[in-house]
Amino acid sequence: MKVNPNEIELLISAVKPEQYPETGLSEVGLSGRSNVGKSTFINSMIGRKNMARTSQQPGKTQTLNFYNIDNQLVFVDVPGYGYAKVSKKQREAFGKMIEKYISQREELKLVIQLVDLRHNPTEDDILMYNYLKYYEIPTFVVATKEDKIAKGKVQKHLANIQQKLEMEPEDEIISYSSVKNNKQQQIWNVIEKYL
């Protein structure tokens, strides 16, 4: 799958279902805890520097951001979870917004769940994965920050994540570095299977 980086646009930042765009395209959700590098991942996958705004402040994305990717699919950036400085009320509101989207959106074909390759999945990572499985959403786990791990240890870290998440055999996992940017085609190939 090839995408033209010049044909990418942010359609809308939505907080409720009536704002979701009607494009007729399949959607791929991107979830992950705050600061796992979702915006950086989006930018590296589409070959644009600042399409998805990156922030040093975790918990910045508070809307569902719908990106039309070259009229081939829509990336949906979901608010990061597990950020302590967000009030309980805000967390509950995010939770409801995400649940509505995941449980009711027919266009949603796949969720890419980003986890940090360097660490064990957090309780929130495990909850999110189980939540996606509860709603029978195909899930593709991308373990970010691969460049921060010695090459010989990557497989061990991936196996650990698979075990801790109790991943289903049909769900795929890959390690990725936005710095190296060398596995984009593999990731697009997995995405393409679900469109």
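Cβ atoms here come from the backbone N, Cα and C positions, even for glycine.
As recorded in Swiss-Prot, the features of this protein are as follows:
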- 32-39, 59-63, 77-80, 144-147, 176-178: GTP binding site (BINDING)
- Ser39, Thr61: Mg(2+) binding site (BINDING)
- 24-195: domain 'EngB-type G' (DOMAIN)
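Overlay of Swiss-Prot annotations on the structure.
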residue	record	Cβ contacts under 8 Å, 6 or more apart
Gly32	GTP binding site	Lys38, Gly80, Tyr81, Gln113, Leu114, Val115, Asp125, Thr144
Thr63	GTP binding site	Ser13, Ala14, Val15, Pro79
Lys145	GTP binding site	Gly37, Asp116, Leu117, Arg118, Ser177
Tyr176	GTP binding site	Phe41, Val142, Ala143, Thr144, Glu146, Lys183, Ile187
**Q.** Other CB atoms, at most 10 A from the CB of Ser39 (Mg(2+) binding site)
**A.** 21
Q) What number of additional C-beta atoms lies within 10 angstroms of the C-beta atom of Lys38 (GTP binding site)? A) 26
